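Annotated region 'Disordered' per TrEMBL: A:1-109, in sequence order. Annotated compositional bias 'Basic and acidic residues' per TrEMBL: A:1-12, A:27-44, in sequence order. The annotation compositional bias 'Polar residues' is assigned in TrEMBL to A:58-67, A:74-92. As annotated by TrEMBL, domain 'FUZ/MON1/HPS1 first Longin' applies to A:223-345. Residues annotated as domain 'FUZ/MON1/HPS1 second Longin' in TrEMBL: A:385-503. Annotation comment: TrEMBL describes A:535-634 as domain 'FUZ/MON1/HPS1 third Longin'.
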Amino acid sequence: MPLDERSTDASEHAGPTSIDTEEESDSGNHSRVDKNNNKGEKQRPPLPPRPKAGLLQSDASPNSPQSVKGLRPSLQSKPTTALSSVDIQTLSFPDGSRGTFSTPGSRLVSESVMGLSTGTSTPSGKASRAGIDMDDTTSLISYAPTLRGNGDLESLLDSGLDSPSPAWKLLSTQSEAANPFESFEYEGPSLHSFDKEFDEIEAVDTKRGNEEELLIQWKSKLKHYIILSSAGKPIYSRHGDQNLINGYIGIIQTIISFFESAKDPLLGFTAGNTRFVVVTQGPLYLFAISKLKETDAQLRAQLDALYMQILSTLTLSNLTHLFTNRPNTDLRRPLEGTETLLSSLSDTFTKGSASSLLSALECLKIRKTQRYVINNTMLKARTPNLLYGLIVAGGRLVSVARPKRHSLHPGDLQLIFNMLFEAGSVKAGGGENWIPLCLPGFNNRGYLYMYVSFISARENAENVAERPSTASSVSQEDEIAILLISAEKESFFELKEMRDDIVEQLEKNGSMDIIKKAVRVGRSSATEMVPGTPLRHFLYKSRANVQFTMPSFSPDFGSALARRKLMNLYHALHASAHAKHAHTKVIHCISTDSVSLVWTTASFEFYCIAGPNTSRAALAQGANKIIQWVKREEERLFIIGGAVF
Amino acid sequence: MATKGPVGARGPAGSSRGGNSRFAQFKLVLLGESAVGKSSLVLRFVKDQFDDYRESTIGAAFLTQTISLDDQTTVKFEIWDTAGQERYKSLAPMYYRNANCAVVVYDITQASSLDKAKQWIKELQRQANENIIIALAGNKLDLVTDQPDKRAITTADAEAYARESGLLFFETSAKTSENVRELFTAIAKKLPLDQAGPRNPRSGGRGGVELRPENTSTQGAGNTCAC
Ligand SMILES: Nc1nc2c(ncn2[C@@H]2O[C@H](COP(=O)(O)OP(=O)(O)OP(=O)(O)O)[C@@H](O)[C@H]2O)c(=O)[nH]1
Ligand SMILES: [Mg+2]
């Protein structure tokens, strides 16, 4: 079977695609800055006044996404020197409790000096090169950080508020083997209300007059997603019911429309430590509010995914039709039931998802020969109306069957995975499912039909029954799903037969046990992959395959908070690696609570993190070893080619 | 994109006799407004489970359950639990087209849900299999046991309507399982199997369970609409 087909399941676009949520759109960063400055200079009313300050604010202020990065730029190339380190005096303890002195607006370049002085690294291009020499196509440019250059703006802004306390210095030099984020100072955006982030906000009760209290709760959320029609009709908000946020919807609509009508669309703005990003899609305004220091490009990708979800429910044709007929359409009715999908998607972003950050998929690690058998089983069982067939286990792809002409768009798969594994509805149904959906990456004008059946990966299936059906991501770990997609809406029983056939064959040839076992074992930790590695976590994206691999989050990032911190770091690393003019291939970052590294080549993107006292040489060597490991295991970690018919 | 009708593929529907025992399988469809408790009723019937918070069905779910009417008689239901949300309405015919029986559900605490149920019943009587057996189920009975004032539709009213329209009628609670089994058993008993023993409940090539392609000309991904 055509395993030799290097081009991939997901890399090429299929069909008449008009939406593209893939990455590399980070140019938003810069263009946004320009826009803002323009806006500021033109003194348009709805924005905070920022003639010159505008530049400082959006370009250099600690609060703007660009400068975010919890990175200490001890070793950076020029294009990324805009990075500065985060310093929020929040005492976040690893267990999620906290005591805060958040001084959210204070991050400065002078800290990079601190980074040096606590310094595990003596920056020099040579040293780095010595560490990482695997891939000679890699261009490695590194500079010692200077306080000059881009840093000037920042040092103007901040005045050295945050030099590390002597106690901190003591602490940080103490333990060699400290884990990331263990120190009291976590250098990312303030997450002190993260544990309440997903708590529901009650409905407004005018009798009790709880509105004020609810607004405080609402404002304390770190992340908001709001969707409205260009006519100002609310469509969706992650937090708060309509009565609570109606006023804000009005304001948002006014602001966006103002710029729209001036043919100078608003892309985003900053207020305090909060970033606001706007995406307009035909009749829809999508609006993200984030205190998590994500970049505009990252937030925009998230909004695009929400838009894709709306298309997936309605199709573009229907959406357009509704609004052409009645510009004042209330979309909530036709979207009924989509809200839970939008919310689980939003929460995935807020919790932090490697898959959405990298726009790539994760596969279940099994032997190449085993995958070959599974692929063949799929192909043999294939029935005439099959378009795509997927086996997914523990949220990871096991096998994909697809026609030669069509690949799967990662954005489409994200929607499917979200529906099946994050939102509760389908899983809780307890049967087989037949789901009409539009996969906008495949074709945004029509529906496909998806057959879904779940199989428990547990030895004894009894626990499945006990599991609360609304539980989401926890339970995805032990589900095997067979998804068969067709353009033929009456093909349920045909595909059901195919599924029965597949399952029977997989049982017979032993593949089912292999899959179940792989799911139960779960991801290995970095130490299991390369014994003794200083790396605590990493992401490796194979560009050609549009797939990624990573170790387990436990033991170091088991909690939701720890995971969010890790994701903050990855977001920052990702942003610096994808900054418009970043020609850098390696970025090494030191902060008080971790050291990290990004390495990009034509074939992969690699992000990793180690404890704060890891030397750069050790980090580089650790990275090297992991990358070698990945290369060795490549055909187990990634689906290469897949089952093509 | 060939249309297909894998009619016999999963064994002939209807009934068969082995010795003294009779076995029959029937296709059942659940219809009704969103949130009245269709999925909850099915899950109670099939898995004897209940969730206080259940998310709305997306598309439709297919489940099966077998019950014994007596020592000799076994009936297997193939159940389509449809989504009640408005935008799935156009897909409903696909599920009831070949159904032998239907359960139309309303919520006894929501007056509007009975109106919706009546619309479904009208549609079934007009469009579905002419011998279809329809049961009307007023669900969430448990809610009114403690708080009788929560009831929006009296038993008498619903019962009268059911009688006029020739429907089976039950008030049920998926939560406490009151009348759930009774509902399905009553349907099974009313199915043609009773009168005539082992026999295909309806002649004319019905597979009992298939989604037949008949009026669907082939459609690619481009021209269908589920809303
Ligand atoms: N108290 C009580 N609640 C019920 C009962 N049946 C269902 N519910 C609740 O009502 C809500 C909706 O039930 P579902 O079974 O999802 O309703 P549905 O008719 O399948 O809705 P759609 O899938 O949207 O068409 C759930 O939260 C159930 O827990 C019942 O008998 N008593
Ligand atoms: Mg339901």
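Glycine is treated like the rest: Cβ placed from N, Cα and C.
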Segment confidence, the domain 'FUZ/MON1/HPS1 first Longin' (A:223-345), expressed as mean pLDDT: 89
Structural state census, the domain 'FUZ/MON1/HPS1 first Longin' (A:223-345) (DSSP three-state): 56 helix, 30 strand, 37 coil
Secondary structure tally of the domain 'FUZ/MON1/HPS1 second Longin' (A:385-503) (DSSP, helix then strand then coil): 38 helix, 38 strand, 43 coil
Composition by DSSP (helix, strand, coil) of residues within the domain 'FUZ/MON1/HPS1 third Longin' (A:535-634): 38 helix, 29 strand, 33 coil
